[in-house]
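K.L.:
Residues or ranges marked as domain 'CBS' in TrEMBL: B:213-273. Residues or ranges marked as transmembrane segment in TrEMBL: B:299-319, B:325-352, B:373-396, B:402-426, B:438-461.
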């Protein structure tokens, strides 16, 4: 059995992984025919995450058909993999009994993730399916702010007193009826439930039964405040190669544990947010969105850009007399502006990324800004040389070459500085540095590009 | 001790984590004075990853001073955390004995990571420090292609035959002299070393000594080919919430294991590559680079942009007669072009991200392209309405409003389609969809924006 699966489970670059076209066709045919056994057969070998992806990719009408046909096949694992963007829709279409059963299977962090964006009545209805202890754990998590470590943690934790032996700990774990689905450490706690260290399961297994837990604890030990932001949690896991980390309340008491797979999901979400926000896209966009939803998500920044682009138009209008004297200027001015736009985007992407990884912070901000200034000046000189010579040769007018070159130097410096100062400024104001930076910076480089070029042309050429 | 650390280890949003300004000042002072004990005291509580960050942030001269003063403090953990960009420089400055000692402490995957970019003589010198078995493991890894699973894996694996009991397995682990630093699973293998399943350490600990390993194996089991690309490995870990996964050779024999912390690093690197490449930055950029290095990394795409921007200039030149008749056109044309640029960037960011997460693939590419077309048309209509009315009111010429509106619709459609078709095309050719897409797409929207606006103006207004 395992041998048979191995070949197909091994990954291959050109495959669509779980969801191959052949499989999609089989599923389509089964849904067309309303043939549940055939659908079961097609979905049986699939991982819950792939089934969730499948549900996300269907059109809303086909999704409804799928959920009707496959309702009781939806379990806790699939439900917790379903993307936020369609989660409410899916929950609404499933019978209550199916949701209740699924929720009972889930770890507390997955239940929190599932219900946190629901209205109070919907949320209460789902929580009612849980037994009292699990419900209390979920409600404790929900009491912490959104996007906090408290929302991310699971309450299910395996703990032991420091003075226990390995043997006692193993016997305790063997006797325990209920254990988290995955755990990698035993957290050591004092009598008041303050975490004092942790022992990896590998270390526990490798040690003799009579060894004391205290002596097996890892050197580096780090707790996370339940109030910490999830982005900071992801950073800590990535920076310190954590596998799981204990979460403590304001009194330093253990309230839960965060595992690396949750941190990896947060890291991935933050990436998505950065790359989309930099481009001026509402970060809730999803591949299954309709054209209308997509248009609506993107319109706000487009409209804002209409206004910021009007600034360029106003600047150019001031130089109409210059342009009508030498119409070639109208053709050349976008070169200065667009090269500035590219430079600004480069500087911006580097700064936003460095802020996200904490490589750029207060201790080196000044040095990085000076570095950008230097790089902008150097590239401005290089580009000015190329463009200046080309302009002189093509138009036979050295003065035009000088104007092009000087405007390029000015705009490259503005671009390099704008690209780093805008995100640093947003960050200082407590805003996401990726938010809208792209529009601000390209507006700066457009306006400055047109102004420097046309202004210098007016002074030198006309 | 653990209690004392807790408060400072708990994270706080406004801190620079390990590297606070106060700590940097202490380190500076110790280096200034050449005071090794003071430096030791400052660095003692720091995690290896933070010390590596510190070394990265120093200027090259200060880095040399630091490495001279602290040479024998550099251990395997710190060395494996040091960023690629300065790794060779650091290795060159450390005494051979320090490097040899550090390398002997490292897991095979970290040694591979350290030496893979070195020249053969430097590489051989470092490998000579390892004992024969470790050296063979590293060389086996190095025989796989760069950026493959084979390079990412560690050879240190804990395995057991399927027929063993829990008791036998635990006794085996206890007796084993040498174990990987971190391990989370026992991999079950058949007599020919084909992996057949895995047992989590949690499950192993929770089960009675007489239980058979075969019966404890997890349902879902997935091997990774040593030839697989590391990006695919990261995707698998993220998609299936894997903690570790066995790596097999072409004959399906177990050759190593990849753990989630390595996959998380790859995911983070891939994201960096995407965000920087989209912006036209050489992906080897680093916060510690000098202005000259930075300028050099960014110049290539700036120069390319000079040429692509010249396309816009050539288009505009064709309409010089039109512009000299109505100079206001020169002021208005950047509005159409720049709004197209924003729309193209939006569509592009969504497509690149969706390709990276496999949300966009062959099974839905057509639908996503149609979605973009629809969204481009809708936003084109919306923006045309705003701009058309504004143009009419401000310039008192309804025909100018019509020209602006029509050009906007055309360019929004070009932007939306270009943003998705360029990365899809690059992907189909086996290239990174993020590579240079930004420059291509904004060139398209600039050229088309100027052409549509000035062309329509020539037809309708002149």
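The backbone N, Cα and C atoms fix where each Cβ goes, and this holds for glycine too.
Show me how these features fit into the shown structure, please.
P.N.:
Here the transmembrane segment (B:299-319) has long-range neighbours at 280-282, 329, 333, 337, 436, 439-440, 443, 446-447, 450-451, 454-455, 457-458, meaning same-chain residues at least 6 beyond its ends whose C-beta is under 8 angstroms from one of its own.
With a cut-off of 8 Å between Cβ atoms, the residues of this chain six or more beyond the transmembrane segment (B:325-352) that come close are 274, 278, 312, 316, 319, 360, 368, 372, 375-376, 379, 383, 387, 391, 395, 400, 404, 407-408, 411-412, 414-420, 422-424, 433-434, 437-438, 441-442, 444-446, 448-450, 452-454, 457, 461-462.
Residues 278-280, 301, 304-305, 308-309, 311-312, 315-316, 318-319, 322-323, 326, 329, 332-333, 336-341, 343-345, 347-348, 397, 399-400, 402-404, 406-407, 410-411, 414-415, 418-419, 422 of the same chain lie 6+ residues outside the transmembrane segment (B:438-461) yet bring a C-beta within less than 8 angstroms of a C-beta in it.
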K.L.:
By DSSP, what is the split of the domain 'CBS' (B:213-273) into helix, strand and coil residues?
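P.N.:
Counts, helix then strand then coil: 29 helix, 14 strand, 18 coil.
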K.L.:
Can you check how the pLDDT averages out over the domain 'CBS' (B:213-273)?
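P.N.:
Across the residues of the domain 'CBS' (B:213-273) the model's pLDDT averages 92 on the 0 to 100 scale.
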